[in-house]
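Asks: After the structure tokens below, expect a handful of questions from me.
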Amino acid sequence: MAVLKRQIKEICSPEVLGVPPDSPVTDAIALMRDHSISSIMILAGKRPVGIFTERTVVRYAATRGLDFSGLIIRDLMSSPVLSVTGDTFIHEALNLMAHSKIRHLVVTDGAGLATGMLTQSNLIENLGNDPYMEVKPIDQIMSRIVFTVPPDLPFERALGEMADKSLSCIVVATDETPLGILTERDVLRLAAQGRIPAHLTAGQVMRSPILAVPPSTSVAEAAGIMRQRNVRRLLVSNGHARIQGLVTQSNVIKALESNYIQTLKEVIRDKEVELMTAYRNLREKTVYLDNIMRSAMDMGIVAANIDFCINYYNPAAERLLGVSSRETVGKHIWEVHQMAGVPLERLSKGFQAIHQNTTHSFLLERPEANAARCIEAQVSGIRDDQDRLSGYVLMLRDVTERVKAEEIIRHLAYHDPLTDLPNRTLFHDRLAVELKRARRHNTLLAMVVLDLDRFKEVNDTLGHLAGDELLRLLAGRFRQGLRESDTVGRMGGDEFTFLLPDMASREHAAGITAKIRDMVEQPFLIEGRTITLSASMGLAVHPQDGDDAETLFKMADDDMYRNKRVDCRRQERIP
């Protein structure tokens with residue numbers, strides 16, 4: 001059944017065989033015989049204007065005989081020709097063939113030029129492995145009424161039976177015992193010969209022996225035999241060689257299509273059950289949809305028709321946009337967007353997205369007394385049951401708290417949770433920015449690293465809570481005492497780093513370093529106790545000490561440890 005979901009360009013015969021409209025019929029018949037095809041296109045240039053089939057040959061021969069000499073193809077062709085493009089799905093093409101009662105379908109490109117022909121044989125050749133075909137026996141799909149004629153019946157009468165009853169074949173039999181089969185292809189073969197012997201009988205024209213299979217044969221097996229033996233029909237008979245039915249390519253394809261349709265019906269039926277269940281559940285909760293939409297506290301809904309005239313505006317939208325329904329319903333959306341604070345360019349992008357079968361989401365801010373309200377908006381289309389655009393809907397939701405939460409999360413990702421100073425990640429980001437700026441403007445950038453001396457003793461003596469409070473107070477001093485352009489970050493524990501852009505000189509940077517040291521050494525009052533701190537500090541200046549972050553960190557660390565050793569020796573010399 002997967003074959004029915006493919007496009008016909010994947011399986012159709014790509015060879016375009018045809019003749020011009022003024023060609024002799026005998027030329028078309030000879031071409032069909034030589035290529036073993038059941039139909040041929042009539043082409044004006046590359047444009048199909050008609051089709052000539054084996055069925056046409058049978059109908060003409062039944063009334064006027066098998067002599068086609070002197071006839072022009074345009075006089076016998078079927079026109080106008082029914083065609084489809086190559087991107088048509090196979091199940092759609094089959095439906096068209098069944099509705100039009102045809103076995104051939106001309107395939108064209110977008111310009112209407114012939115690119116191939118779809119036949120029942122193409123479908124049989126591409127059936128693949130279908131579970132349905134593997135298990136279903138042919139006695140469930142075969143034609144049980146089989147038209148038979150005796151072998152001594154004049155060929156003209158057998159031909160008349162085929163034409164009158166629109167039969168593709170007649171079985172030649174004696175007492176329900178099949179002897180052979182007479183097909184449209186046999187009639188075409190005789191027509192191609194030109195001269196037909198007089199008093200010809202069905203038995204003389206038939207092909208024998210006839211291919212027969214038991215009724216238990218699966219549809220897949222029957223289709224395989226048709227492919228291998230290059231035939232379009234099989235006789236179905238029991239073990240006593242009695243005729244029970246006839247299975248043709250048409251039977252196989254109809255069965256496949258019928259099963260496909262049945263499967264679709266079952267899917268639709270299941271979906272209908274699901275929808276009815278969902279509808280009942282929804283109805284239990286929503287007796288009147290409009291009341292629920294109007295009472296929706298958190299979702300604003302604004303709907304407009306295809307001409308952008310607003311026809312629905314619920315109370316939540318009034319609250320979120322600050323505009324009443326009296327001011328909006330019945331008006332063009334372009335008259336309302338400005339007073340509602342919805343940017344015109346956002347709406348325009350939304351409408352463009354809708355025409356591309358997508359939606360458009362955006363955020364907008366509305367200033368209020370205390371703080372801005374953040375509103376999430378989505379513009380989408382309203383489509384009818386034919387998938388035609390019939391209107392637009394703007395959905396609004398207050399996401400102020402969510403946006404605040406996201407901002408908090410982003411802040412925590414880049415800041416030390418104890419001191420609220422930039423953490424290592426943010427400090428490195430700012431260092432990269434300041435380095436680029438310093439290179440571009442040829443300015444000095446200083447980096448200071450700071451390590452609190454013996455801070456562990458504070459934690460051991462006063463406890464970690466007091467130590468945390470001390471770090472928070474120190475961070476506050478740094479924020480208040482430094483310039484707005486400076487950056488101070490906590491690297492972890494008792495380590496801090498500073499970025500000092502736009503320094504006039506190394507001495508200027510050293511002066512700010514001394515100021516930072518003063519901030520550290522000023523006494524702190526913690527839990528009624530006065531605590532004093534000291535720190536070891538190191539300074540590096542770009543570009544003299546390095547041109548990249550790694551070098552500056554190394555130079556500043558080296559300077560800090562050098563100063564730390566000097567301080568230690570100084571303290572050791574104090575008696």
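The backbone N, Cα and C atoms fix where each Cβ goes, glycine too.
TrEMBL lists these features:
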{"type": "DOMAIN", "residues": "12-68", "note": "domain 'CBS'"}
{"type": "DOMAIN", "residues": "77-135", "note": "domain 'CBS'"}
{"type": "DOMAIN", "residues": "142-198", "note": "domain 'CBS'"}
{"type": "DOMAIN", "residues": "206-263", "note": "domain 'CBS'"}
{"type": "DOMAIN", "residues": "285-331", "note": "domain 'PAS'"}
{"type": "DOMAIN", "residues": "358-411", "note": "domain 'PAC'"}
{"type": "DOMAIN", "residues": "443-575", "note": "domain 'GGDEF'"}
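What does the local environment look like for each feature on the list?
Replies: For the domain 'CBS' (12-68), the number of residues in each DSSP class (helix H, G, I; strand E, B; coil) is 22 helix, 17 strand, 18 coil.
Assigned with DSSP, the residues of the domain 'CBS' (77-135) fall into helix, strand and coil as follows: 22 helix, 16 strand, 21 coil.
Assigned with DSSP, the residues of the domain 'CBS' (142-198) fall into helix, strand and coil as follows: 20 helix, 17 strand, 20 coil.
Look at the domain 'CBS' (206-263): DSSP puts its residues at 26 helix, 15 strand, 17 coil.
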Asks: Over the span of the domain 'CBS' (142-198), how high is the average pLDDT in this prediction?
Replies: 88
Asks: Among 12-68, 142-198, 206-263, which stretch has the most Cβ pairs under 8 Å to the domain 'CBS' (77-135)?
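Replies: Answer is 12-68, with the largest number of Cβ pairs below 8 Å.
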